[in-house]
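Colleague: Once you've had a glance at the structure underneath, I'll fire off some questions.
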Amino acid sequence: AVTCTVVTKALGPCMTYLKGTGATPPPANCCAGVRSLKAAAQTVADRRMACNCMKSAAQKTKSLNYKVAARLASQCGVRMSYSVSPNVNCNSVQ
């Protein structure tokens, strides 16, 4: 099951990137975390949990660049059914 600890650990290497301009590709260890998170979130419940964890972490992170955050998965070549934004409705995630 996906927990907020799993999400935080997976996305930890992305934090510096997510506070920047997104002018350079995300670091390899950040994309590895994104891929592991996608692999871990196999069920709708897992994906909703991951979404809620990312949303609350994003709200607590000062100077997070939401434009960069929204593109993170695609920059890493990963298809996600939702993006990180302050008003994403995690209950609608399939």
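Glycine is no exception: its Cβ is also placed from the backbone N, Cα and C atoms.
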Colleague: In Swiss-Prot's disulfide listing, CYS30 is paired with one of CYS14, CYS51. Which one?
Modeller: CYS14
Colleague: The disulfide recorded in Swiss-Prot for CYS76 goes to which of CYS4, CYS31?
Modeller: CYS31
Colleague: Of the disulfide-bonded residues listed here (CYS14, CYS30, CYS51, CYS53), which is spatially closest to CYS76 (disulfide bond) when Cα positions are compared?
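Modeller: Its closest listed neighbour, by Cα, is CYS30.
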Colleague: Determine, using Cα-Cα distances only, which of these disulfide-bonded residues is closest to CYS14 (disulfide bond): CYS4, CYS31, CYS51, CYS90.
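Modeller: Nearest by Cα distance to CYS14 (disulfide bond): CYS31.
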Colleague: Measuring Cα to Cα, how far is CYS51 (disulfide bond) from CYS30 (disulfide bond) in Å?
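Modeller: With the alpha carbons as reference points, the distance is 17 Å.
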Colleague: Name the residues of the same chain, 6+ apart in sequence, whose Cβ is under 8 Å from the Cβ of CYS90 (disulfide bond)?
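Modeller: Counting only residues 6 or more apart in sequence, the Cβ neighbours of CYS90 (disulfide bond) under 8 Å are ARG48, CYS51, ASN52, LYS55, TYR82.
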Colleague: With every protein chain in view, how many other Cβ atoms are within 10 Å of the Cβ of CYS76 (disulfide bond)?
Modeller: 20
